[in-house]
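According to TrEMBL, the protein has these features:
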DOMAIN    23-253  domain 'Phosphagen kinase C-terminal'
BINDING   26-30, ARG124, 175-179, 206-211  ATP binding site
Amino acid sequence: MNLDSLLPNLGEWLRGTGPESDVVVSTRIRLARNLADLPFATRATATHKADVIRLAKEAVAKCGGAHPLEYADVQAMSPLDRQFLVERQLISRELASGLDGPRGVAFDPTETVSVMVNEEDHLRLQVLRSGFALDEAWRDIDRLDDALEQRLAYAFHTQFGYLTACPTNVGTGMRASVMLHLPALGLTKQIDKVFRALQKINLAVRGLHGEGSRAFGDLYQISNHVTLGKSEAKILDEIREVIVTIMQYERQARAALMKERRQAEHDRVARAIGTLGSATMITAEETMELLSAVRLGIHLHLLDGIPVTAVNQLFIHTQSAHLQKLAGHALGGEERNTARAKYLKTRLRDLDSHK
């Protein structure tokens with residue numbers, strides 16, 4: 001598979017037009033599944049893992065529907081290509097670099113549906129949608145899961161449910177997560193209070209790239225932590241209720257910003273655009289913080305002429321692997337910072353010329 005062909009396009013989850021997309025960037029549902037009669041991936045030999053890949057590829061090939069899933073061999077990829085898929089949310093950081101042996105991923109052309117093979121579990125099914133779309137994501141992944149289960153023998157226990165490598169996933173094997181853009185809660189210093197409340201009700205808070213990642217650009221993933229003893233519907237209802245409340249808090253904080261310091265916020269957004277368009281070197285972290293201000297400015301109607309889709313694209317294209325793909329060769333740290341500044345300047349100039 002030539003991953004360079006993905007560069008000109010955005011995954012469906014980044015189009016920025018889904019429900020509640022002023023606050024909710026994307027919705028993701030994952031299902032952890034293992035095959036019966038084969039050791040879990042954490043204890044499997046290379047031969048076992050090769051058997052899992054063979055069975056998974058055969059099953060996936062028969063249930064792609066209108067948008068067939070194409071398989072990519074992650075083990076054979078360069079570190080750059082693996083990081084590229086991490087940045088596009090198609091594979092985890094663990095599948096990219098934390099594991100050995102045969103492993104891969106299958107995904108559709110819109111990057112909505114994907115199946116990781118031989119990560120922590122034999123299969124990690126994923127559906128990723130733009131905006132707040134829990135029901136739609138669940139419908140899609142349930143359909144895929146049913147199609148695969150007709151062709152594969154899952155490891156299932158009548159009392160405990162689907163068996164997984166990590167005890168917290170036993171049961172439904174489902175992890176529902178919603179990526180939120182929460183700049184106003186950060187600016188009004190309410191974000192820590194919100195997250196402390198989430199931890200008390202057993203919800204996890206992570207950064208853009210999931211477990212272990214830091215939150216840059218005011219982007220946070222909120223997800224359920226335990227699945228045992230809960231139905232899929234119960235998990236979805238619990239996270240839906242929490243996300244609706246957080247959206248209300250964020251919108252109230254945005255309204256307070258506009259009422260109490262509109263001019264200061266307008267100035268902050270203008271400075272962010274100015275820096276992004278004039279810097280000669282800029283880090284990924286600073287870029288994400290400045291793009292966060294721009295994204296907020298668009299939704300507060302302090303800025304026009306830049307679509308949210310373009311900002312979402314900049315969030316992804318200014319990350320390390322994407323920059324190097326765009327350049328066509330490997331870049332060192334300072335070279336990446338220079339290339340990032342040049343890319344931002346060019347893209348913002350193009351957007352300005354099309355106003």
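Along the chain as shown, the residues are counted starting at 1.
Glycine is treated like the rest: Cβ placed from N, Cα and C.
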Going by DSSP, give the three-state secondary structure for VAL178 (ATP binding site).
strand
ILE29 (ATP binding site), number of other Cβ atoms within 10 Å:
28
Counting only other Cβ atoms and using a 10 Å cut-off, which of the binding-site residues SER26, ARG175, VAL178, GLY207 scores lowest?
GLY207
What mean pLDDT does the predicted model reach across the domain 'Phosphagen kinase C-terminal' (23-253)?
91
